[in-house]
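J.: I'd like to ask you about the structure that follows.
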Amino acid sequence: MVEVYKVVAVLFALVLIIFWIGDYSWLWTTKNTVLEVYFVGLRDYYFWGYCISPAIISHFVTIWGHYYRADSIFQRSISQVSWPSALELSERVAKRLNQISFWEKKDGYFGYTVKYWFLSFIAFAVNMVWFIQPISHNIGEALDDPGEDSPLAIWSVYIGFGSGYAAMGACGMILLLVLRRSMLHALGFTYADLLPLHRGMGFAIIFWSTVHTIGYMIHIGLDNDLAGQINFDGETRGPQNIVGFVALAAMFALGLLSLPAVRRRGYWLFIVSHRWLTIISLAGTLMHYPYFMTWYYVVPSMCLFLADRFIPKVVQAFSVGRDVICTFDEHSDILTMVITSRNRLEPLKPYYPGDYISLQLRSLGEIYHPFTIASYWPEDPYSMTLYIRTFGENKDSWTGQLAGLCGQSGKSVLLPMNVEGVFGDRMHDYLCADEIVIFAAGAAITTFMPLIKSIAARIDAEAASGVPQKTLRMYLICTFRYESELYSYGDFLHQITHDVRFTSWLRTSIHVSRAEKIPRVITNSNKDCTIIDTKTQAGQKSQHHSGDIIPPTSPVESIATVAQDEQPQLLGDAKKSVPGKILVDNQQQRYQGRILPTFLAADSARVSTIHATRDLLITAAMLLIPFAAYIGIRYTPIEGYGEDKWFWCQTTRIYDQNMTNKCMWNYTMTPGVVQIGVASIIGYILIYLGRRATRREADAAKAAADDGATSGNTRAYLESVLHAQIMEYDGTIPFQPSRLDVEKYIVDLMAEDVGMGKTKAVKADSGKKEIAGKTTTVFVGGPDGFLDTVEKANRKAKWSVDFHRETWSP
């Protein structure tokens, strides 16, 4: 079934693309008088109707899709993790093939989807149209009547003009590719999908700007007019050309400071330089060619960009509590942080596996830093948990300073944190695979924690229906530096290696590569455990587990088993596997009686509606009011005409370069600056009102706690939530004290026929018939070096899998 919001998004995207392709013929080649240039006319109506209106409407459609459709899309995907046992393999394959469309298929080398390459082709084609149209419209007439110019001078000036036009158009397109919510996301693109294209468009801007500069410099050189065109004389274009050189230098600096080496090692330098150099480049470009139509390429993406940056902050200012609680574990170098809803009466906006938020602590700077959400929303809709790795961070980095502010050795601290988000556009179509293999290094496990819990919840819910089920198989292979880190992610690793609701379909292998940097002692109370016969537990398993459990001899161990006389051991002795008995300890009391709710059971659709209504109202204010201000300025008469009127601009009476510069700069800059200013003022006012209300509630709660009133004790509530996210070290999580050998694991998995399934078509009496094997999806999360190692091993083994490098949080 085709979704309505996607159809609407496609239609408005087509309108915008058609405008970009035809705008030169419609707007630039129209003959206008001076008054028609400076005042509202047909050009403005074209722009308002075919450019900015589709952009704004598509943004509303996108918000609708994000809130109202995100839940149903996720439910459709998560339903693929289990299926009736009676379902034939061919039916399962047909359902899977329908789930993954042609547009979602990836190329074998770069790993990009078909839809990404299609969008890249459109971007390239539009850029070429922008470059070719000005040349084709003017070059013939110029060559027929060259005057004193040589053919080289004519070609150079029009190549410079065409490339400048293309650079201006690319400036408008580049911001659309970095929005966290845009029409492209409604069409199925993710933020991670669009980032490479955003970088490519940045390269295109630098390329076109360089060609533009070279073309005009050749023309100026052939005319021997360098001194007349590069100067500070207000009677010529000299100052405008100097400003153009400044803009070009800013673009080159922007490109250099955006290289991966700078972006990853110096994020603060990257983000600050990115913002200021973008402003310098854009302002310099507009002042270099002061013509109000240049805003036609910038206004739509600029207004959406401002909404994209302000609205998530405004929404969370009214939704999230002012204070977050955090603690730092110096044994594992992991910082745990809990964020709660503002008044604990309204649930947080539903977040799904792979979603992330951005944090700002004013005492550490103005930059927002993104972190993946590790908690599972249906378990506690009123809070979210983050686990932040600090290993390798110096004390002066943002994360290092944050760790220094948080409590240590079990102590916790309240911090006034600003939150932006939730963000997330992750498509979960991969859940239709029969097998999923996850390689995770260190804190990258947090990316997969809510995913694994959501799968378990779905399987458990289907088992309760009484219909025999088959499930996907998942292999989780993770590596950590210290054993202490295993206990820094709450009871998650303990649960997935002991709880039958996970072990029936999930096989986990944990590696620890180093000895503890700070020795830890296990107390007798922590070591207390009992042994339960697996035959007893097997009788308690639901029907959906039958036929889907890998034998204990599998090279990928699911849980560690110990003999009756064994006790949990410290690092240095591997936990041995003895079929028939499994370890059950006191930690199981934390989750054994705890249900695994689904998003449907937690009423996520209703909660999304509440947040969507607020978001839509704020979006309307952020987009429509500034646009009305832009139109108002365009209707304001600034040009002087008539004997009895005197205005700022008088090009009708004084037609010289100086007056033209003054008037055109005014008409170019004023409408857009007013629009940006109004949008920013609205955004800052709403953020201030939301944070002030939240601050007052926090102060009132603190006063109530000081007076002994338990109902207002926010800290006690935060402490209880934080305590639930931390597990005491007791040595009961099984692991292998060795480095992870990725190549060996892939070989062992292939020996177990994991990732060896293939689908092919064969001829039969009734025509073609599909004979299908199982499909396997591989995810890798962790540092770039780890991702490269796994990807290299995957290619070396020629593994028939759908491979993904995970970058869910930018």
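Glycine is no exception: its Cβ is also placed from the backbone N, Cα and C atoms.
Pasting the relevant annotations from TrEMBL:
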DOMAIN    312-429  domain 'FAD-binding FR-type'
TRANSMEM  7-27  transmembrane segment
TRANSMEM  47-68  transmembrane segment
TRANSMEM  114-132  transmembrane segment
TRANSMEM  152-179  transmembrane segment
TRANSMEM  200-222  transmembrane segment
TRANSMEM  242-259  transmembrane segment
TRANSMEM  266-289  transmembrane segment
TRANSMEM  616-633  transmembrane segment
TRANSMEM  669-689  transmembrane segment
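Can you walk me through where each of these features ends up in the structure?
T.: Across the domain 'FAD-binding FR-type' (312-429), the DSSP tally of helix, strand and coil residues reads 23 helix, 44 strand, 51 coil.
Taking Cβ pairs closer than 8 Å, the transmembrane segment (114-132) reaches residues 17, 20-21, 24, 102-107, 162-163, 165-166, 169-170, 173, 184, 187-189, 193, 196-197, 200-201, 204, 208 in its own chain, all 6 or more past its ends.
Same-chain residues lying 6+ beyond the ends of the transmembrane segment (242-259) with a Cβ under 8 Å from its Cβ atoms: 199, 202-203, 205-206, 209-210, 213, 230-232, 269-270, 273-274, 277-278, 280-285, 287-289.
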J.: Can you name the far-off residues of the same chain, 6+ from the ends of the transmembrane segment (200-222), with a Cβ under 8 Å from a Cβ of it?
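T.: For the transmembrane segment (200-222), the nonlocal Cβ contacts are 120, 123, 127, 131, 149-150, 152-153, 156-161, 163-164, 166-167, 170-171, 173-174, 177, 229-230, 244-245, 247-248, 251-252, 254-255, 258.
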J.: Kindly say whether the transmembrane segment (266-289) and the transmembrane segment (152-179) touch, using the definition of 3 or more Cβ pairs under 8 Å where each pair is 6 or more positions apart.
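T.: In this chain the transmembrane segment (266-289) contacts the transmembrane segment (152-179) - 3 or more Cβ pairs sit under 8 Å.
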J.: Can you tell me which parts of the same chain pack against the transmembrane segment (152-179), counting only residues 6+ beyond its ends and a CB-CB cutoff under 8 A?
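T.: Same-chain contacts beyond the flanks: 20, 24, 123, 126-128, 130-135, 138-139, 142-143, 146, 185, 194-195, 197-198, 201-202, 204-205, 208-209, 211-216, 218-219, 222-223, 282, 285, 289, 294, 296-298, 300-302, 304-305, 308.
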J.: Looking at the domain 'FAD-binding FR-type' (312-429) alone, can you tell me the average pLDDT?
T.: 88
